[in-house]
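Trainee: I'd like to ask some things about the structure below.
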Amino acid sequence: MVLSGVDKMIRLQKNTANIRNICVLAHVDHGKTTLADCLISSNGIISSRLAGKLRYMDSREDEQVRGITMKSSAISLHYAEGHEEYLINLIDSPGHVDFSSEVSTAVRICDGCIIVVDAVEGVCPQTQAVLRQAWLENIRPVLVINKIDRLIVELKFTPQEAYSHLKNILEQINALTGTLFTSKVLEERAERETESQAKPHSEQGEQVYDWSAGLEDVDDSQLYFSPEQGNVVFTSAIDGWGFGIEHFARIYSQKIGIKKEVLLKTLWGDYYINMKAKKIMKVDQAKGKKPLFVQLILENIWSLYDAVLKKDKEKIDKIVTSLGLKIGAREARHSDPKVQINAICSQWLPISHAVLAMVCHKLPSPLDMTSERVEKLLCTGSQTFESLPPETQALKAAFMKCGSEDTAPVIIFVSKMFAVDVKALPQNKPRPLTQEEMAQRRERARQRHAEKLAAAQGQTSQGPTQDGGALETSPHEDEPRGDEPDVASVSRQPVSQEESSQEAFIAFARVFSGIARRGKKIFVLGPKYSPVDFLQRVPLGFSAPLEDLPPVPHMACCTLENLYLLMGRELEDLEEVPPGNVLGIGGLQDFVLKSATLCSLPSCPPFIPLNFEATPIVRVAVEPKHPSEMPQLVKGMKLLNQADPCVQVLIQETGEHVLVTAGEVHLQRCLDDLRERFAKIHISVSEPIIPFRETITKPPKVDMVNEEIGRQQKVAVIHQTKEEQSKIPEGIHVDSDGLITIPTPNKLATLSVRAIPLPEEVTRILEENSDLIRSMELLTSSLNEGRNTQAIHQKTQEKIWEFKGKLEKHLTGRKWRNTVDQIWSFGPRKCGPNILVSRSEDFQNSVWSGPAGRESKEASRFRDFGNSIVSGFQLATLSGPMCEEPLMGVCFVLEKWELNKCAEQGASDKQHQGQCDLAGEGQGGGKTCHVGDENQEQQDVCSEPFEETSQKGDSPVIDCYGPFSGQLIATMKEACRYALQVKPQRLMAAMYTCDIMATSDVLGRVYAVLSKREGRVLQEEMKEGTDMFIIKAVLPVAESFGFADEIRKRTSGLASPQLVFSHWEVIPSDPFWVPTTEEEYLHFGEKADSENQARKYMNAVRKRKGLYVEEKIVEHAEKQRTLSKNK
């Protein structure tokens, strides 16, 4: 660095009011990294000629090759304006949807953001996503409309057309901002209404309903983007220029003689200037007057581009002279017009000044953090700020004050961990020597040289040695000795090969309060840590070293070993970091997995989890090429899991090591990192493991050729159903409505189960509230264990009743009567989109009885048996009968549950759950039971005999089939599976929402690729003023691999898709369908050789899992020969 040294950055870090923590957000290829290059070049870190070409913040090789940013990188910049100096902590973030998790890690530690929008493409899908992320994190945005040069060079717009186009873009992004604002106001209003309804009405009087939405009472004047407010800048980052209207208002106020304040309000908008009267008036479109923005700003820029592109040297010289610029001879003679434009515009309208001035004036400092954001960061789950302990609420003042006193609590948030090579750390780099150190080295070299000469003269007087060995010196002799205090000697020690190949993990963090000092001990709080638990375990006023504190779950103590200043590709050592700054922390790899909260006070709660837009959905199994390298693979996958905020690493029940990523590009990057950085071995990667879900539907009304199912076909379907039911083992009864009645192996209990498809809306509600359902389960277990959850119980209970009300709203009708109150469990994993309903008269239990009510005596009595029933339901929903995939949208109704008295007595007596004792055979009068024939060794596998006998006077009822709870689990699982098989089964495919931008020339090819891959177009919209189309479609995840490459090849790179996981969709075709009608035989053939999509997916999953696959084989192979015989 030339202009901004580390010492200056350390000095600027102490002035919190002049710190700006910002990130650059945009759709892919809208110019984020090019803009960052321009801002970095203003500090002299890179040459201004390389800005936009070097991509300084893209330090990975694959980032440079692909031309897209894949990770968030931070750099500290210095900006001076007058007597004020500012420190800009700039974070460049990715625009590709696969890496949207990196955007989440960036916006959490920022106070503001720059939204970059392409002037040609306008507001794109990922622009909406990043703006929504910024809104959710309560950070203030400013707008940069980039690539204005494309309007001139590519689209050939006139200044008037360009002005209209820019107005449309501004209206689009303001409409999006208004939508976010409106939804927030309406949510707050709904919360207030819920609270008011919960309060009892003291007076019974006439109630008046307020029909207003509450939008009129909220000030949104500072919310929207508007050039006159100074939060919009127009730029061309590749050409190095940019401006806000404040720059031209200052110039023209002196030339025209109109006040700067007036020009600020009228330079953007439909205003024109009357030069005779020197007044600014409204534009009358009929008279063809030009707006001020066109007349005073755009026409000047257009004329400059026109002169340079036409190589009008006389006009160029005139413009340069009038602007008072100095252009070098090399740039003036250059044949590339871009070089000349960059040389002129970067001096006339420097982009760095326009953008950084807007950042300093319009974006907040760490001192301006709103109380709303502080409360949102501290309140996890369903908590409210008022429900937190008083010690925790007191931390709000520390956030707002951003104090740097010694008594201020140190609060740091780690948003992600990133890996760097050990050799790239500052302590392992050779540092330049100071003048004093160089003088000391010269003096020591002279002394050594004099000693060698003296020794050589002494040896010469005694006699020369062979080969002149006395005069030879070791090549390392001039190096400083180990005991000499030389700074460079430490860093120049050879690094072992093992150490040089290691990766060090640095925490990407921000200090919210207090001063982070090297060597300070601090608490690391996990996401499940609760300050309430700590305050209950540790007595008030406890003062001792942190190591002596009693163990508290999800809390550890660590030392801040190394602090770093993040400078893009470089790291600089720091001794301390004041509050409000972004920093890197070394030595936390053993304490932090992905993100964490660091605090000097244990009363601080962990920050709310990061909000990820993209859901990991793409799975692959990995294994080493050589089995002996499995330990390296396991270690590498652990490092990869820590280095990537979005990736998930799983070990399945089969022993497979599975990577779960957000998309195809993200998958490729993770595999490259695994091979080259973390595991450093050759690995084998399976085909993508496509997730599916199994469900049931109502019986279809039309057949496969879209004809209504008639009587004959209904008979055929019934016959087919009976054939399927005939495969069900004996002893299981199936009635006409699909009710399965199945006894346990010991005949002590009988279960009657029915499967019903849930409405789509109910399934969606269950998916959206999975976190709340999980909280209900945790609360129920907490209450059963006697733990205190009163602090959050009331707020959670309100959400539970709201969730219950939504279910009651959509589960209406005769067959769903009282269903919500009878919900016993959710599944799989007790928080999935399937429900278990208990309609048994003898046994009734409800999921609402735990968190929202009291458990009945009968439910408490049969709790052990009930847990077995629920466990069987969980197993059944975890793997369905078609291809062992989880179920979705299925309601299992337990119609009857009959228990014999023997089983009831067994439940009441715990001794009856033990195994039978062979030694008691003589005393029990034949009450023991043995399994196996006489030749086999008798095994003690039976339960203790029950004392009661049957009414018929038979021998005592003996359980020979293992523990009764295990029999209930297996029986319930089988009952659910059989209940599914007697209903029309369907597969559900994971679906991507696909946003494709393409020109009109290649629109047909895009549609062809989509239809080939089972895609479905939902919407097609043309961007106004361009020939670009935005196509919104849905595409199965199973068909998405290679989709981006194929569509780019077919369209010659003119179409670029963005894939985001959206929802699950039922595949309409029946995977077990066979032709039954004459029309179906004609259309599909006798054997239905053209197998349907669902069967293809089902068989692929079954093959992968090693399950039986029913495939067609050639019946008469010799009849396939078509070669004619020679006679």
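Backbone N, Cα and C atoms are what each Cβ position is placed from, and that goes for glycine too.
Dumping what Swiss-Prot says about this protein:
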- 17-272: domain 'tr-type G' (DOMAIN)
- 26-33, 92-96, 146-149: GTP binding site (BINDING)
- 429-496: region 'Disordered' (REGION)
- 438-452: compositional bias 'Basic and acidic residues' (COMPBIAS)
- 474-484: compositional bias 'Basic and acidic residues' (COMPBIAS)
- Lys528: N6-acetyllysine (MOD_RES)
Trainee: So how many other Cβ atoms are close to Asp29 (GTP binding site), meaning within 10 Å of its Cβ?
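Mentor: A 10 Å sphere around the Cβ of Asp29 (GTP binding site) contains 18 other Cβ atoms.
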Trainee: Mind giving me a neighbour count for His96 (GTP binding site)? Other Cβ atoms within 10 Å of its Cβ, every protein chain shown.
Mentor: 23
Trainee: Lys32 (GTP binding site) to the residue listed as 'N6-acetyllysine': how many Å between their Cα atoms?
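Mentor: Here the two Cα atoms lie 36 Å apart.
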Trainee: Quiz question: given the binding-site residues Ala26, Ile148, which has the greatest number of C-beta atoms lying within 10 angstroms of its own C-beta?
Mentor: Ala26
Trainee: Looking only at the domain 'tr-type G' (17-272), what is the model's average confidence as pLDDT?
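Mentor: PLDDT averaged over the stretch: 86.
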Trainee: Quick one: what's DSSP say for Lys32 (GTP binding site), helix, strand or coil?
Mentor: helix
Trainee: Give the residue from the recorded positions Lys32, Lys528 that has the most other Cβ atoms within 10 Å of its Cβ, counting over every protein chain displayed.
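Mentor: The residue with the densest Cβ neighbourhood is Lys32.
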Trainee: Far apart in sequence but close in space: which same-chain residues, 6 or more away, have a Cβ under 8 Å from Ser93 (GTP binding site)?
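Mentor: The answer is Cys23, Val24, Leu25, Lys32, Thr69, Ser72, Glu102, Val103, Ala106, Val107, Val130.
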Trainee: Please list the DSSP helix, strand and coil residue counts for the compositional bias 'Basic and acidic residues' (438-452).
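Mentor: Result for the compositional bias 'Basic and acidic residues' (438-452), in helix, strand, coil order: 15 helix, 0 strand, 0 coil.
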Trainee: What does the structure give for the C-alpha distance between His96 (GTP binding site) and Lys528 (N6-acetyllysine)? Integer Å is fine.
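Mentor: Cα of His96 (GTP binding site) to Cα of Lys528 (N6-acetyllysine) measures 31 Å after rounding.
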Trainee: Would you kindly give the Cα-Cα distance separating Ile148 (GTP binding site) and the residue listed as 'N6-acetyllysine', rounded to the nearest Å?
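Mentor: Approximately 48 Å lies between the Cα of the residue listed as 'N6-acetyllysine' and that of Ile148 (GTP binding site).
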